[in-house]
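Below: the structure, in structure tokens.
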Amino acid sequence: MQQYPGRGLGNHNYCRNPEGGKTPWCFYRQLSGMISWAHCDCSHGAIRLLGDHPTQSGAVQLYLNGVWGTICADHWTDWDASVVCRQLGISEIGTSRNISVYGLWMTPVHLKSANCRGDEDALLHCSYSQGKDCGQRLLAAVTCSPPKGLKPPLRLVGGKDHYEGRIEVFFNGRWGTICDDRWDDKDAEVICRQLGFSGKPKAWVWAHYGQGSGPILLDEVECLGNETSLDLCNKNEWEHHNCDHIEDAGVSCNPYVDGALRLTGGKNAGEGRLEVFYKGEWGTVCDDGWTELNAQVVCRQLGYSGPSSLASKLEFGAGEELILLHDVVCTGKERSLVECTRSSWGQHDCSHSEDVGVQCSNHTNDITEILPTGPPIRLMDGESTKEGRVEIFLNGQWGSVCDDGWTDKDAVVVCRQLGHRGPAKARTMAYFGEGQGPIHLDNVDCNGTEKTLAECRKQDSGIHNWWHSEDAGVICDYAEKKIIGLKGTDADSAMCGISPVSRRKKRIVGGTKSVRGIWPWQASLRLKGFHTETRLLCGATLISSCWALTAAHCFKRFGEKPHRYSLRVGDYHTGVEDDFERELPVQRIVVHKKYHSGSNDNDIALLRVQGKDDRCLPFSDHVLPICLPERKEKAAYQKPCFISGWGDTGTAYSKTLLQGAVPILSKESCVLRYKGKFTNRMICAGDVSEDNRVDSCQGDSGGPLMCQNSNGHWVIVGITSWGYGCGRKGYPGVYTKVSRFTPWIRRVTKLK
């Protein structure tokens, strides 16, 4: 169409290549009126994707010198993939993948590497290098997905505010709704948590926020309420339902507390019709008896320190919903409107023609005078609504709080403002993960008696010298640690493999971040430094009060002298001393006698920590042993199995304990991939069919591969040992098969 415009063939005149020739062609109409054809000159540097979903993912092909060709994946990165997705107009975020060269062996190779920075508009704008052969026999591919992360993206549609609406989920390139069968507040709580809201969750049914128009993607959703995302809940298969859009589910995730205020209908944020929040609803205030003193309290509560004034009658329009307050009388010294004399909530004899309007001035970012119900605070990324990273809502944005000087007194005030009256515990160093928004507060210094965080001494918002790695957190209604009190081999065998939080297993399936205490046998082998500090060297697994398992290759570099090492148990966040954390010197190291440093076979070792007899470590909710497998055990383990550790996440080592669900593969499948390097003393695990794979790269060398037996006890099936690369397609992680060494373990440790 570009070569022969105006020939009257319309949209049907497009380039085609049904015979698979070197150059596509198109029809055109000659001046005589006859139909003819000609070769299309495709744009030099054009990009296309080959695969089942070419609008979203596939092998990358580049058009150069009149020929479509491929790109080697030897140095292919997410930066390169993002440029491809941007050039195609699909998305700004791309994930690098690779495929075997054999599927496209007849297609020429154009580029050896792309070397993109990530901000280029086209692949040929990168510092690419040309080549004709790929060393690893792998070709570049991409996935252009909308949001980041492995969880299905969610959005709220049709609500009056950003925190409410019809719930829609993105799957297979489409947004669709969820049927309200079994839909309740527990499901709403998970949705709100995944979307980043910590307000009171409420489920809505019967298309409360209007009917959707796309596909119905999910039905029979049944969450426990403590899951971190929707994909961890029980539900039907995708697009399996018996619903109509009249049953579209909705949620409200209101972040406000009773008594919060807002101004609506004005030309700027400092003026408008006054509305107050109560029990999940916004309502207006009747102007009977309303004075300048009342307006002063309102403006002070909203964070304005300048003069305030009354608006003329209905200057900002009339409300449409509830009228919540009437006969409000303030002295002007109150710190919130609800402290003033007033009628009971919802009792009035007014109409919306009497709605109050207020004008505030001299907006300030100094929140030292902001009062009990504002600004809102919330807890993010905790395991329940009672814990998490502290975030405060200022200037229209949620932001975090720096942990400089952060203490239990500050935590008490945060929890009190959120309605919790029990003991509170402060957490530092981004214990609940790093925030992504602005940094609002620093050097918070509460005395513990304040009603809200706004009343505490602090540094002005927006002025700080820290990073999100120092985000403050809290645990409300904090319970002190409990020592179970069982020690020794008898207790070990009786309590092995029982997770105190196993009842919450659905909460962590398929996740990355683990739940505190879910793997109480997880330990870490640590290398001692010149001073008292130690650093993570390998993972380990507690099998009794005194003994732990790890990989023999962990001692390859620094030797087998016990005084160089210590064993840490009860750890969750490596930078924060957890309640149940203990670190003991290693007394004895036993490497399997058939292990050799030049081989991966027999990669197993035992550690004994210092202690008298068989009583080295007291057990607690977060420190317990795992069960050993029997020598010839062929029990049917429950799926999936898990790996855990603080290992490589692709960019750095994690501060918090990670986990990953992996399937155990057949011996034949492992031998097919690793040939003669795979022995009878090994097993391999990992989903080789998925692009977003989890393998031993997400754990640590020496860490556990564990499965749950039919009795509900967790068994250490493997020890993280070796593999080809990290998360590489077709090459699952390889683990030492513990059951082959159970007699040796019992002989050395004298465990029953």
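Keep in mind that glycine also has a Cβ here, set from the backbone N, Cα and C atoms.
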Worksheet item: Looking only at C116, C126, C253, C286, which is named in TrEMBL as the disulfide mate of C192?
Response: C253
Worksheet item: Of the residues C223, C340, C350, which one does TrEMBL pair with C286 through a disulfide?
Response: C350
Discussion item. Need the cross-check against TrEMBL: the disulphide partner of C243, picked from C144, C179, C330, C340.
Written reply: C179
Discussion item. Which residue in the list C456, C476 does TrEMBL annotate as forming a disulfide bond with C446?
Written reply: C456
Fill in: Pairwise Cα distance for C116 (disulfide bond)/C286 (disulfide bond) [Å, integer]
61
Worksheet item: Just checking, which of C179, C223, C233, C243, C446 (disulfide-bonded residues) has the fewest C-beta atoms within 10 Å of its C-beta?
Response: C243
Worksheet item: Least buried of the disulfide-bonded residues C116, C299, C340, going by other Cβ atoms within 10 Å?
Response: C340
Fill in: Two-stretch contact, the domain 'SRCR' (47-145) and the domain 'Peptidase S1' (508-750), at least three Cβ pairs under 8 Å
yes
Item to complete: Could you round the CA separation between C253 (disulfide bond) and C223 (disulfide bond) to a whole angstrom and send it over?
Response: 16
Worksheet item: Secondary structure at C192 (disulfide bond) (DSSP, helix/strand/coil)?
Response: helix
Worksheet item: What does DSSP give as the helix, strand and coil breakdown of the domain 'SRCR' (47-145)?
Response: 18 helix, 37 strand, 44 coil
Discussion item. I'd like to know which of these disulfide-bonded residues, C350, C456, is least surrounded, judged by other CB atoms within 10 A.
Written reply: C350
Worksheet item: Can you tell which of the disulfide-bonded residues C179, C223, C340 lies nearest to C446 (disulfide bond) in space, using Cα positions?
Response: C340
